[in-house]
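J.: In case it helps, Swiss-Prot gives these features for our protein:
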type     : residues                                                                                       : note
BINDING  : Thr31, Gly32, Ser33, Thr34, Asp88, Gly89, Ala90, Asp91, Lys101, Gly102, Gly103, Gly104, Lys128 : substrate binding site
ACT_SITE : Glu110                                                                                         : active site, proton acceptor
Amino acid sequence: MDKSEQDQLKKEAATKAAMMVESGSVLGVGTGSTVAFFIDALGERKEKENFSLKHIVTTSNRSKKQLEGLGFQVDELADIDQADLTVDGADRVDDNLDGIKGGGGALTLEKNVAINSKKVIWIVDESKLVHHLSGFPLPVEVLPVSAEQNFKRFEEEGLKPQWRLDDNGKRYVTHYGNYIIDLAADPTPVPHGLADYLDHTVGVVEHGLFLDMCDEVIIAHSDGTIEDKKRK
């Protein structure tokens, strides 16, 4: 499958998600190539229908600029009580609809938007599907003051930590001024147990395990089909 065919599949999946958004609702919007098609589809609805949104919050400047370019006003998460729906991508999704996110470094905001949403839908292509969470480093955002100690503890736990670096080879700094340690242990060991360990580790701000958060995944398959999978 070439890129144009893959993009067409992503567009179809994104359009399906866009049709699930109710006019007048509060919407959370993630980021990524498939989400970009989703935003375009929202713009088409705005142009062709009597479609508007009460509030929109997003997890990236890229999505914010795209939305504003289509005439949508983007608000801060602090400006809303709760999103009716959040649509985002994912780096990996397992059979239970649990996932790894944060490959772009915005995991803390992504999780805050997701946790403050009544419903969460992820749009992915089939390359992101796994039976057990694996094949993608798990990002952990840590405070600089205790980052070295966190790194050593992760090493001792056999989690194969790696500093995330920027384009200049320096430690990547998040929007909130923190570092990211990517855990390369593969497959991700006992996701719920690891999440609990990270949640109780001093210095950890947030991690990329999104467990029991996603309600529905729209999947673009290479055979041209679009699958809608819901949490059981």
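Every residue gets a Cβ built from N, Cα and C, even glycine.
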J.: With an 8 Å cut-off on Cβ-Cβ distance and a minimum sequence separation of at least 6, pull the same-chain contacts of Asp88 (substrate binding site), or say none.
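T.: Residues satisfying the criterion: Gly28, Val29, Gly30, Thr31, Gly32, Val35, Thr59, Lys101, Glu110, Val113, Ala114, Val120, Ile121, Trp122, Ile123.
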J.: Quiz question: given the binding-site residues Thr31, Ser33, which has the greatest number of C-beta atoms lying within 10 angstroms of its own C-beta?
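T.: That would be Thr31, with the most Cβ atoms nearby.
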J.: What are the non-local neighbours of Lys128 (substrate binding site), defined as same-chain residues 6+ apart in sequence with CB under 8 A from its CB?
T.: Gly89, Ala90, Asp91, Arg92, Val93
J.: For Asp88 (substrate binding site), name the DSSP secondary structure in the helix/strand/coil scheme.
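T.: Going by the DSSP assignment, Asp88 (substrate binding site) falls within a strand, counted as strand.
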J.: Compute all pairwise C-alpha distances among Thr31, Gly32, Ser33, Thr34, Asp88, Gly89, Ala90, Asp91, Lys101, Gly102, Gly103, Gly104, Lys128, the residues listed as binding substrate, and give the largest one in whole angstrom.
T.: 15
